[in-house]
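Asks: As annotated by TrEMBL, active site, proton donor/acceptor applies to LYS80. Residues or ranges marked as NAD(+) binding site in TrEMBL: GLY182, LEU183, GLY184, ASN185, VAL186, GLY187.
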Amino acid sequence: MTIFSDSAFDNHEQVVFASDPETGLKAIIAVHNTNLGPSLGGCRMWPYASEQEAIHDVLRLSRGMTYKSALVNLPLGGGKSVIIGNPRSHKTPSLFHAVGRAIERLNGRYIVAEDVGTSPTDMQEIARHTRHVGGINDGKDAKRTGDPSPFTAYGVFIGLKEAVKFKQGSDDLTGMRVAVQGLGNVGFHLCAMLHNAGAELIVADINPAAVERATTELGATAVSIDEILSVNADILAPCALGGVINDTSIAQIKAGIIAGAANNQLEADRHGEMLREMGVLYAPDYVINAGGVVEVHYCREGRPVAETNRHIESIGATVREIFERAARDNKSTGFVADRLAEERFGKTG
Ligand code: NAD
């Protein structure tokens, strides 16, 4: 087993292995960097095939949170936790109490939130043993449902408009054709915002009900999941899976702008460089999909949704700075985003 030599280790400040024989808990909490504040990141529950796979995942995700929070100007660092287990069959309240006790032992250096495989109910169980939990809705603001997805969609919408403005001089979306891959929690909210702004939607999802909703409620045109990346569109918004920009798909992309919610859209960094050479403006995913983490932070601080939204609007200025630097230095936008994040959190080594 390797930790220090894992490609995602990157000088993590702390990695904690939490086990609890009574509940069968096997979890890893990774704190990548706390230069800007306590680390915050979701708790993922997943039936990892091996412990090494779980270690790599938690390190990779925790490091990513440092970059995301730094670029969205939150007073937070990056962390993440994973529970090795099947969320369909291994969940018990006492398992999450044991997670809460493990988090409490870190004295606030790590703040947990919901992620793949965990739910608001699980966060409430964790909160019985630690107050270091983000995203629990106290019910004081009626506009707050506890779901970060609309906030993520809002940030993507802001970033997408900034990309249009940078490329075309105006952020008017009237008549612009936007291809949206994935109509889930974020994708559908994004489609609604684009529709209200006058854009024409072209959509695909593996779930026929989601497609039906977008066509009837938003007048979207449906295409197959094999066509969506290569349709004739001004903007491509990947909102389903990671790795969609890869050696196979890249040559087929006709959109001049890529701006979507999905994490890790580029299969490898070199695909960012290839997009630059093709003249495609790519809004780095982790920069424009940070609205959800902003809401988790403001919710935890008990501050109103109006403040969350104002903060999310600052994503526009950040992504513009990235586009400008990338154009000036002939670098990919992903490369520039990483360097800007490192400047902000003070990367050493
Ligand atoms: P979701 O599971 O609600 O939606 C994903 C949608 O994609 C589903 O409707 C699914 O049917 C569809 N899909 C799956 N495979 C597809 C394919 N091959 N082609 C077309 N559609 C396909 O997830 P979400 O919460 O909307 O998140 C979407 C993406 O955004 C994910 O990559 C997620 O990691 C990222 N993200 C989400 C948030 C958030 O606040 N929810 C925050 C940051 C990043």
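Heads up, the Cβ atoms here are built off N, Cα and C, so glycines get one too.
Bear in mind that TrEMBL entries carry predicted annotations, made automatically and left uncurated.
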Asks: Could you work out which of the recorded positions (LYS80, GLY182) has its C-beta surrounded by the smallest number of other C-beta atoms within 10 A?
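Replies: Lowest Cβ count within 10 Å among the recorded positions (LYS80, GLY182) is GLY182.
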Asks: Out of LYS80, LEU183, GLY184, which recorded positions have CB atoms lying under 6 Å from ligand 1?
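Replies: Checking each Cβ against ligand 1, the ones under 6 Å are LEU183, GLY184.
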Asks: What is the number of other Cβ atoms found within 10 Å of the Cβ of LEU183 (NAD(+) binding site)?
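Replies: Taking every protein chain into account, the count is 28.
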Asks: Setting GLY182, LEU183, GLY184, ASN185, VAL186, GLY187 aside, what same-chain residues sit with their Cβ within 8 Å of the center of the Cβ atoms that define the NAD(+) site, listed in sequence order?
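Replies: For the NAD(+) site the neighbour list reads SER149, PHE188, HIS189, LEU190, ASP205, ALA210, CYS239, ALA240, ALA261.
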Asks: Any idea which of the binding-site residues GLY184, GLY187 has the thinnest Cβ neighbourhood at 10 Å?
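Replies: Result for the binding-site residues GLY184, GLY187: minimum number of other Cβ atoms within 10 Å at GLY184.
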Asks: What count of other C-beta atoms do you get within 10 angstroms of the C-beta of ASN185 (NAD(+) binding site), across all chains shown?
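Replies: Around ASN185 (NAD(+) binding site), other Cβ atoms within 10 Å: 17.
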Asks: What Cα-Cα separation, expressed in whole Å, is found between LEU183 (NAD(+) binding site) and LYS80 (active site, proton donor/acceptor)?
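Replies: The Cα atom of LEU183 (NAD(+) binding site) is 26 Å away from the Cα atom of LYS80 (active site, proton donor/acceptor).
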Asks: Hey, what's the Cβ neighbour count for VAL186 (NAD(+) binding site) at 10 Å?
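Replies: Cβ-Cβ neighbours of VAL186 (NAD(+) binding site) within 10 Å number 28.
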Asks: Through the lens of DSSP with three states only, how would you label ASN185 (NAD(+) binding site)?
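Replies: Looking at the DSSP assignment, ASN185 (NAD(+) binding site) belongs to a helix.
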Asks: In Å, rounded, how far does the Cα of the residue listed as 'active site, proton donor/acceptor' sit from the Cα of GLY187 (NAD(+) binding site)?
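Replies: Just about 24 Å between their Cα atoms.
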